[in-house]
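Colleague: As annotated in TrEMBL:
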- 19-217: domain 'TRPM SLOG' (DOMAIN)
- 288-352: domain 'TRPM-like' (DOMAIN)
- 379-514: domain 'TRPM-like' (DOMAIN)
- 536-555: transmembrane segment (TRANSMEM)
- 567-600: transmembrane segment (TRANSMEM)
- 612-630: transmembrane segment (TRANSMEM)
- 651-669: transmembrane segment (TRANSMEM)
- 689-706: transmembrane segment (TRANSMEM)
- 782-807: transmembrane segment (TRANSMEM)
- 827-847: transmembrane segment (TRANSMEM)
Amino acid sequence: TRKAFPAFSTLKKRGGGMSAWIFTGGTHYGLMKYIGEVVRDNTISRSSEENVVAIGIAAWGMISNRGSLIRSSDTEGYSSAHYIMDDIKRDPLYCLDNNHTHLLLVDDGTHGHPTVEAKLRTQLEKYISERVIPDSNYGGKIPIVCFTQGGGKETLKAINVAIKSKIPCIVVEGSGQIADVIASLVEAEGTLASSSVKERLLRYLPHTISRLTEEETESWIRWIKEILENPHLLTVIKIEEAGDEIVSNAISFALYKAFSTNEQDKDNWNGQLKLLLEWNQLDLASDEIFTNDRHWESADLQDVMFLALIKDRPKFVRLFLENGLNLRKFLSNEVLTELFANNFSSLVFKNLQIAKNSYNDAFLTFVWRMVEDFRRGIKKEDKNSKDDTEIRLLDESSITRHPLQALFIWSVLQNKKELSKVIWEQTRGCTLAALGASKLLKSLAKVKNDINAAGESEELANEYETRAVELFSDCYSSDEDLAEQLLTYSCEAWGGSNCLELAVEAKDQQFIAQPGVQNFLSKQWYGEISRDTKNWKILLCLFLFPLIGCGFISFRKKPVEKSKKLLLYYASFFTSPFVVFSWNVIFYIIFLLLFAYVLLMDFQREPTMLELILYVLVFILLCDEVRQVGNASNQNGLLRSSNESSWYSGRVIFCLDYIIFTLRLIHIFTVSRNLGPKIIMLQRMLIDVFFFLFLFGVWMVAFGVARQGILRKNEHRWEWIFRSVIYEPYLAMFGQYPDDIDGTTYSFDRCTFSGNESKPLCVELDADNHPRFPEWITIPLVCIYMLSTNILLVNLLVAMFGYTVGTVQENNDQVWKFQRYFLVQEYGSRLTIPFPFVIFAYIYMVMKKCFKCCCRKETKESSVCCSKNEDNETLAWEAVMKENYLVKINSKANDSSEEYVCLFLSALLLFF
């Protein structure tokens, strides 16, 4: 019995946000006791605004200890009564249940009659069922249902009155007495005879029927027949199956049958659909409303579709789409404005704004601006600047051209997991959409204060990344050329970004590392040169140019005209990013050798020819990296100074520059599959070193200051204070033992008492000219310091390095492939002219820029995505691949569920 009633706690959820009231007898006995416990548990687990109300209506003459409820004569107004619920006391009276939220006590002056409250309860239920509520989805009335378990004469009368009042009734079969009588007769076939009814009464209530007169028995039979005249208002459930979900579904089904068979509402399909949507009864909607004999127009489903989006009913959204709803027609500007303005979390909007300001990201800025425009209602306001108005109108038109993407962004930002997946299935460019969702969710997860919410966003972001990876893998295995077009396809609905850009910004390493993307990057890396060509052949052709036209290098495309064959081969070879990279590496190594030669062997007061060439190369490097000419000119002026100190300072600066230029070779080596991950390890280990130095600095300063204060008095030379407090304790970490803490080994020849010499200050002496410091303090202090730094902290650093190396090593190949993208992008976007001849290209660019400044600016019309035939063909093909992908994952889910059922059945057979 107890397990059948947790469903009462779900009535508020089923009722579409309205409070659920439960009417009982109000006593601590039988079914009423269990309902009270459910209400108590519901009150504890839910907020005060969501509590289910349990109203007990009991007869005053049947209440035990009722004397404590009588207010004294001298009490005015409201008063509190202290009622004691005594379960141990044995008498024919009942205790009130203290778990009910309200109690109504009916007193007609009699005592010991348990049914005096029945009339009042029946009238109250009828009054409530007839009340008109304008906002109700139940035909403008309050939905009410009668739940029957067991019972006798009064229960039968209550069911009879409820059926006559068109109130649906749920009967629990197996609970005994009158409930089993009705349940058995509902399932009976043929005409219902009085003898059959009487036979059921004798079977289930033999003792009660034997005490009745013939007239009373006929009354019982008549009441039962009147009840069974309306079988559509009766719903039977078995007590052994009466779990939470079964009872909840039975309540919803009973209310739906009563509503759909009502004369006023039986043709109100929209109202019936709203009712089932409120109670989330998908199976009922699919079986009872969306039948083959009824055709639905898209306009008929728009209201319920909006409710399904707000109430996060993904299965209903899918059902509406399958039955004729046109999502593009539904998503008008007004609908999107209503979703973003009135059904959008202000906390999400705040987090989105924080993410935009924190990362200064163009994509996040685009999404934030779109959300802000919708929240403002996209009103065309007067602007002080004409350009601002044009940009704003351009953004509005781009949004309205892609309503599906806007809806998908809304569902993703609201963290509606299943709903966003349904919308994603309807979007064009679903690979780009999945990566955009991953980027959004990962960015929001970083700024969320709630750890659980951030974890949910990260989990959903990973799911969309997985979808993008699996879908693109299927696309690439089907058609490589079309799949590569998907990688570079960009859409204004996603801020003009393409798949590669969003994947890199979201750090979706799994997507970048998959074979299809890596093959595309390899094609970009080699350009028109065939990937089958060995690298040593390409490097050899850098020095022996004629080999290019002799077929020594193979190309992907063969020129049609033989006259242009040689020219095209040379152009394709030298514009390849790999060739440009190789040229840069070769010339950079030559530059470093020249740099080292000038610094070590030919650095004169007057610049030599080699030094001038070096200056030119430095200037070209600075132009190539930072495009600022002034940086190099300042260094030249410093080096040309005839002053001795300036000349030496210039040489020191150039030596430091050589260190920086040499370390730049590390960036070049990231192209190596073996060295690339090691360089990434070094970069991450530098972060570990930073945290280690922070901890080490605490110990170093603590020991250094204490040591200096104990050994020496009033040292005023800052450089020697630094050596004693910082430098010497730092060297001690590498094993250099301090020699000034032990009086037996201390030498006064290496120190000064006056502080005028370039020596450390001598230790303080006592009256006998012996070192004042006590060795029992200094020696243990050094031992503790050496133990803490050389053993604890150094081993902590080693452990941190080991964890970092292990983390990178686990995804060694994936991390390298992800970093490889940046190298390909860098040399793919560079000028194809190799170093150092790129200076001529920069001169041309400066002249062209100056020429353009003198001319009138030309306005270019913005290109609209999805307007090219190539894009439409690619997106149409991707949509077909998406459908195949969805079929595949659904079949996998079904296979896994069937396998689980088979394993479960096998386990049961083995058990028995």
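Including glycine, each Cβ sits where the backbone N, Cα and C put it.
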Colleague: Can you name the far-off residues of the same chain, 6+ from the ends of the transmembrane segment (651-669), with a Cβ under 8 Å from a Cβ of it?
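Modeller: Distal contacts: 581, 584-585, 588, 591-592, 595-596, 599, 603, 618, 621, 635, 638-639, 675-676, 679, 682.
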Colleague: Quick one: find which recorded stretch in 567-600, 689-706, 782-807 has the most Cβ pairs under 8 Å with the transmembrane segment (536-555).
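Modeller: Ranking 567-600, 689-706, 782-807 by Cβ pairs under 8 Å to the transmembrane segment (536-555) puts 567-600 first.
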Colleague: Provide the three-state DSSP residue tally for the domain 'TRPM-like' (288-352): helix first, then strand, then coil.
Modeller: 45 helix, 0 strand, 20 coil
Colleague: Please give the average pLDDT for the domain 'TRPM-like' (288-352) in this predicted model.
Modeller: 87
